[in-house]
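So the structure is just underneath, and the comments pick up after that.
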Amino acid sequence: MRGTTSNGAAPSGTGVAVVIAVKRLADAKTRLAPIFAPHDRETVVLAMLVDTVAAAAAVASVTVVTPDPAAAEAARALGAQVLDDPTPAGHPDPLNNALRAAEAAVRATVPNVVALQGDLPALQAQELSEAIAAARTRPRSFVGDRHGTGTSALFAFGVPLDPRFGPDSAERHRRSGAVELTGSWPGLRYDIDTPDDLLAARRLGVGTQTARAVGAER
């Protein structure tokens, strides 16, 4: 998915694969249920994924691991690779298992991996590029979310990703040895779980698909 910079230099995403795990849309973002009917919520979740993948287009590859046909179709339409989520029903750690599967799929061709949340509708391509450049200075690092408790992106350069997403993932990644990156990348930190998160991201400025989906459903 990569290109070149305006001066002809290789972009910071060269040699980097982004992996994004997406659960079934019907099961995603249930904390948005107070403001969206089920079908509308799925539409918004899919729009956020599309805006996130579009913002990551400058990296060497983007792989979306998902069991959801609509998410897979949308990712392919943007030029992303799609991996059918191999995680069995009832797995105790489905998100991290899906990310490890995606990591294994891309490691043969790309040495460096970024696990990115798929709900970053305010993400700007330049923010991700700057974060990747900062991450290159250490083997493993992460960007925390705006609340300081979650993780928006986990970077692994030449080492295993070792994802530990879930409750208090920022602390879990920190304890596992990942270095926290402190750059000013607001769009990279605004992942969406609650109505307040979505409102904050809209104030910051969301991508076209999310803006259209949210506007249509309000």
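Cβ from N, Cα, C; glycine included.
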According to Swiss-Prot, which candidate in T151, T182 joins G166, S169 at the phosphoenolpyruvate site: T151
Cβ-based neighbourhood (8 Å from the centroid) of the phosphoenolpyruvate site, residues T151, G166, S169 excluded: G150, P163, R164, F165, P167, D168, A170, R172, H173
Where the record names T151, G166, S169 as binding phosphoenolpyruvate, the maximum Cα to Cα distance in Å: 9
